[in-house]
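The structure appears below as structure tokens.
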Amino acid sequence: MLTRTDLRGRVPSTATLRATLPRAEMDVEHVLHRVRPVIEDIRDRGVDAVLDYTDKFDGVRPERVRVPAAEVNRALDELDPAVRAALEESIARARRVHADQQRTDSTTQVVPGGTVTERWVPVERVGLYAPGGLAVYPSSVVMNVVPAQTAGVESLVVCSPPQAEFGGLPHPTILAAAQLLGVEEVWAVGGAQAVALLAYGGRDTDDGELLPADMVTGPGNVYVTAAKRHLRSLIGIDSEAGPTEIAVLADGTADAVHVAADLISQAEHDTLAASVLVTTSPELADAVDAELERQVGRTKHVERIRTALTGQQSGCILVSDIDDGVRVVNAYAAEHLEIQTADADAVAARVRNAGAIFVGPHAPVSLGDYCAGSNHVLPTGGCARHSSGLSVQSFLRGIHVISYTEQALREVADQVVALADAEDLPAHGQAVTARF
Ligand code: NAD
């Protein structure tokens, strides 16, 4: 089922690998020209425009954008107890991991009388997008809200698309997750409309104020991504999340049943999702292919998964040895990377580029999607080469606070003047000498 590329004995350069490895193409530029007028219309006409586009793209027109508190409470009251318990476990584990990411201010005494303090200050108001098109993602509410709350963000609003079958409210599990997390504000809006409304704010149909956000985070489809790209100077964004990806680096010790199940689990997200197997073992590749054929037919979303696995973004790459396998996965920089090899810890330690690494036979990506405690909003499309997943740090700004005494300034005045003159900016130097 997976298209096979044989790189045994001839792994090309990293640059060639990056250009040729299977990868989903999400043509954000292509939809930008359609998203831009939507954003401008929402800037000009506010909620009226939001509701018009929601009607068009979501097939429902909610009575208002802000979900009434009673509906959010009701969603939690009516939540299946097993799902509630699972969400509570997911939240507790995520809180434990993210608490350890908290930053503390640091003060450096540069010279006697001269200090620089780095003060970590949370973003004031954040909009968190929880997708709700093909699937609903209460887990994404957890993964966005927990680091923002841990960072100390005071004002949070969760946005998720309204669902026709729930009378124009977001999916009840999204509402229940928000309530469990203590988020009081939820908006029924999805796609580019959500990002635009978060950026500009507006007045709801009941005249309630929808305050703009300073930052918007969370994964979404190509329209969400295009809107984030277009508005990114007005608002901060986390990253442009593309279709999800899993790469599995495996040798002959891996269990083909598990590897196939894990490749399928990510293909289930999206027809553009990428599932890539990198292996030293042609026997394992054959066995995984046979398992994929066997397991895909038994899944609920057969067509979506089959399209993703047979798409140009998915495939199997044969390599001579684990060294070459590590080169390939480092060039690929997958959002999720599983290591299913002998001595998996040592192999994982050699990986430089990945959004998250799942080590050994008992750490499938699904664990990280929900309940490992790690964050599942991760860099896609090779961005793991330069970016990290969502964390407490994503919601903090490090402000430098500079404090110098007269004597400390006097001691360095000549150097400031020399550098200012070298840059032909003499007024900079005069701003120092004017004090003496
Ligand atoms: P979504 O909420 O991102 O998009 C649904 C919205 O798209 C709708 O509300 C609608 O307004 C808008 N829309 C639909 N068709 C449109 C059109 N023709 N023109 C303009 N707007 C339109 O939900 P989705 O579509 O299911 O996408 C979710 C994505 O998020 C998937 O690709 C999934 O893989 C990804 N995801 C990523 C992560 C991660 O951590 N990277 C986590 C969860 C989900």
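Heads up, the Cβ atoms here are built off N, Cα and C, so glycines get one too.
Note: TrEMBL annotation is automatic and uncurated.
Look at TrEMBL and you will find Glu335 (among others) tagged as active site, proton acceptor. According to its DSSP assignment, Glu335 (active site, proton acceptor) is coil.
Sequence annotations record features per position, and here TrEMBL assigns active site, proton acceptor to His336 (among others). In sequence order, Thr244, Glu245, Ile246, Ala247, Gln266, Ala354, Gly355, Ala356, Phe358, Val365, Gly368, Leu378 are the residues of the chain that are 6 or more apart from His336 (active site, proton acceptor) and have a CB within less than 8 Å of its CB.
Residues annotated as NAD(+) binding site in TrEMBL: Tyr129, Gln193, Asn221. Long-range Cβ proximity for Asn221 (NAD(+) binding site), meaning a same-chain Cβ under 8 A and a gap of 6 or more residues, is found for Pro131, Gly133, Gly191. Asn221 (NAD(+) binding site) falls outside any helix or strand according to DSSP and counts as coil.
Per TrEMBL, substrate binding site is recorded for Thr244, Gln266, His269, His336, Asp369, Glu423, His428. A C-beta separation below 8 Å, combined with a sequence spacing of at least six in one chain, links Asp369 (substrate binding site) to Ser139, His376.
Here TrEMBL flags Gln266, His269, Asp369, His428 as Zn(2+) binding site.
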Among binding-site residues Thr244, Gln266, His269, Asp369, close to ligand 1 by Cβ (under 6 Å) are Thr244, His269
Here the Cα-Cα span from His428 (substrate binding site) to Tyr129 (NAD(+) binding site), rounded to a whole number of angstrom, reaches 44
Argmin Cα dist to Glu335 (active site, proton acceptor) over the binding-site residues Tyr129, Gln193, His269, Glu423 returns His269
Gln193 (NAD(+) binding site) and His269 (substrate binding site), compared by Cα position, are separated in whole Å by 22
